[in-house]
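Per Swiss-Prot, these features apply:
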ACT_SITE  Asp186  active site, charge relay system
ACT_SITE  His271  active site, charge relay system
BINDING   Ala197, Arg200, Ser202, Asp205  Ca(2+) binding site
DISULFID  Cys57-Cys70  disulfide bond
DISULFID  Cys246-Cys269  disulfide bond
DISULFID  Cys294-Cys313  disulfide bond
DISULFID  Cys305-Cys308  disulfide bond
DISULFID  Cys448-Cys468  disulfide bond
DOMAIN    344-467  domain 'PLAT'
MOD_RES   Tyr124  3'-nitrotyrosine
MOD_RES   Tyr194  3'-nitrotyrosine
MOD_RES   Tyr346  3'-nitrotyrosine
REGION    35-56  region 'Interaction with GPIHBP1'
REGION    246-269  region 'Essential for determining substrate specificity'
REGION    420-424  region 'Important for interaction with lipoprotein particles'
REGION    433-437  region 'Important for heparin binding'
REGION    446-470  region 'Interaction with GPIHBP1'
SIGNAL    1-23  signal peptide
Amino acid sequence: MESKTLFLMALGIWLQSLTTTRGWVAADDRITGGRDFIDIESKFALRTPEDIAEDTCHLIPGVTESVANCHFNHTSKTFVVIHGWTVTGMYESWVPKLVAAPYKREPDSNVIVVDWLSRAQQHYPVSAGYTKLVGKDVAKFINWMAEEFHYPLDNVHLLGYSLGAHAAGIAGSLTNKKVNRITGLDPAGPNFEYAEAPSRLSPDDADFVDVLHTFTRGSPGRSIGIQKPVGHVDIYPNGGTFQPGCNIGEAIRVIAERGLGDVDQLVKCSHERSIHLFIDSLLNEENPSKAYRCNSKEAFEKGLCLSCRKNRCNNLGYEINKVRAKRSSKMYLKTRSQMPYKVFHYQVKIHFSGTESDTQTNQVFEISLYGTVAESENIPFTLPEISANKTYSFLIYTEVDIGELLMLKLKWKSDSYFSWSDWWSSPGFTIEKIRVKAGETQKKVIFCSREKVSHLQKGKASVVFVKCHDKSLNKKSG
């Protein structure tokens with residue numbers, strides 16, 4: 001699998017090198033700043049809602065009239081977008097989308113795109129080293145805006161992707177006053193996993209630093225995205241590794257069906273998902289995705305972390321609550337494979353009673369949830385092991401809001417292979433109650449068997465459970 005991943009990454013890079021786009025900027029296409037800013041190579045384009053794809057107007061440090069010419073709004077928020085490494089020296093397709101989304105949410109804001117394409121186009125280690133110079137450029141620009149125009153840094157929000165996240169962090173560490181916020185969008189891992197805080201994104205770089213980790217697969221230092229927490233709040237959607245719809249099998253299927261044209265997008269799909277999750281949070285403000293603090297993704301998969309007490313849950317993206325703990329908090333959530341990404345999380349606890357002495361491993365079940373608004377049927381889940389007279393907790397999620405839970409069905413699936421023992425005598429357990437906690441509402445519900453006690457048998461019909469208890473369940477959970 002690792003060799004397939006490396007092959008597809010290399011293939012994606014090669015395909016990128018064959019493409020062209022109107023966003024290309026020649027290395028010698030210089031925009032000269034004022035006398036005190038002659039060493040700044042990065043360019044700062046103020047894009048407009050009417051022209052999200054082109055750098056038509058540049059804010060030039062030291063040239064005050066450039067700010068007026070670009071119609072910079074001095075009383076509104078400013079989003080500063082910093083791209084990452086590029087093979088082609090071109091803007092990637094996500095840039096206009098990330099420009100458009102803040103304007104839809106904050107119509108009077110300023111969205112500035114930092115162009116460091118000529119430096120970002122080098123071999124990766126060289127471009128990684130350039131993040132320090134880019135960070136200095138951005139800091140000088142921000143300091144100039146603050147000093148020359150008294151622009152408040154409380155209005156500045158840096159959005160850095162991949163290498164751009166570390167450039168944003170370095171910029172934040174060098175401004176005269178702290179900027180309001182830095183959002184790191186899957187900060188790059190290689191060359192930064194073991195770097196000291198001054199050389200990478202860290203919580204000290206802004207008043208608040210939030211980070212999305214979406215492609216951390218692989219050993220530390222070799223994964224595309226940085227694995228360790230580097231902000232006040234670090235969120236790991238789907239465990240922070242591969243994202244839904246981005247797996248290698250999907251890439252191979254697309255190659256077979258459509259040829260090589262789209263494979264480069266699939267290769268970087270999980271890395272870029274961080275950007276689209278943030279865009280989603282800007283566009284779908286009424287339904288923010290919720291993440292939950294947890295010590296490990298394994299504990300999260302067991303449903304053990306769906307608590308919102310003492311800031312243990314938070315919104316993903318733009319509407320995040322700015323919680324500044326003494327140490328970084330790692331948070332997890334599940335998402336859909338496409339926008340809107342929000343899902344609804346549930347912890348399910350089942351006590352299996354019986355006289356079976358054997359331990360069953362890797363058993364597949366299906367659960368169906370029925371609510372006041374909708375239903376979600378045949379949700380598969382696997383328990384690594386089950387044995388009699390033990391309670392098991394696990395996480396499930398639905399892609400639709402089903403409302404208040406009313407009923408559920410549980411089915412124990414047959415093995416995919418033929419088993420004489422199962423054919424001769426199907427194993428089973430008795431289940432009296434099932435406990436469910438909804439992460440988004442924090443409500444707990446106990447379901448009872450419709451027959452007082454249900455006998456769940458492998459490969460047999462589903463058993464039905466109905467709501468049986470309402471008393472004092474919906475207090476704040478622990």
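Note: Cβ is positioned from N, Cα and C throughout, glycine not excepted.
Mapped onto this structure are the features recorded in Swiss-Prot.
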residue: Asp186; record: active site, charge relay system; contacts (Cβ under 8 Å, 6+ apart): Tyr161, Ser162, Ala165, Leu212, His213, Thr214, Phe215, Ile224, Gly225, Ile226, His271, Glu272, Arg273, Ser274
residue: Tyr194; record: 3'-nitrotyrosine; contacts (Cβ under 8 Å, 6+ apart): Pro220, Gly221
residue: Arg200; record: Ca(2+) binding site; contacts (Cβ under 8 Å, 6+ apart): His166, Gly169, Ile170, Pro187, Phe192, Ile226, Val230
residue: Asp205; record: Ca(2+) binding site; contacts (Cβ under 8 Å, 6+ apart): Ala168, Gly169, Ile170, Ala171, Gly172, Ser173, Lys178, Ile182
residue: Cys305; record: disulfide bond; contacts (Cβ under 8 Å, 6+ apart): Tyr292, Arg293, Cys294, Asn295, Ala299, Arg312, Tyr332
residue: Cys313; record: disulfide bond; contacts (Cβ under 8 Å, 6+ apart): Lys290, Ala291, Tyr292, Arg293, Leu306, Ser307, Met331, Gly439
Which bits of the chain, at least 6 residues beyond where the region 'Important for heparin binding' (433-437) starts or stops, bring a Cβ under 8 A of a Cβ in it?
303, 306, 346-351, 405, 408, 410, 443-449, 465, 468, 477
Six or more residues out from either end of the region 'Interaction with GPIHBP1' (446-470), which same-chain residues have a Cβ under 8 Å from its Cβ atoms?
352, 363, 366, 368, 405-415, 422, 426-436
Between Cys448 (disulfide bond) and Tyr346 (3'-nitrotyrosine), what C-alpha distance do you get in Å?
17
Which secondary structure state does DSSP assign to His271 (active site, charge relay system), in the simple three-class scheme?
helix
For Tyr194 (3'-nitrotyrosine), what is the secondary structure state per DSSP, taken as helix, strand or coil?
coil
Tyr124 (3'-nitrotyrosine) versus Cys246 (disulfide bond) - Cα distance in angstrom
23
Between Ala197 (Ca(2+) binding site) and Cys269 (disulfide bond), what C-alpha distance do you get in Å?
28
Shell list (Ca(2+); ref centroid = CB of Ala197, Arg200, Ser202, Asp205; cutoff 8 A):
His166, Gly169, Ile170, Ser173, Pro198, Ser199, Leu201, Pro203, Asp204, Val230
In sequence order, which same-chain residues at least six apart have a C-beta under 8 angstroms from Cys70 (disulfide bond)?
Leu46, Cys57, His58, Leu59
Between Tyr346 (3'-nitrotyrosine) and Cys468 (disulfide bond): CA-CA distance (Å)
18
Per-residue pLDDT averaged over the region 'Important for interaction with lipoprotein particles' (420-424) comes to what?
51
Per DSSP, three-state class assigned to Asp205 (Ca(2+) binding site):
helix
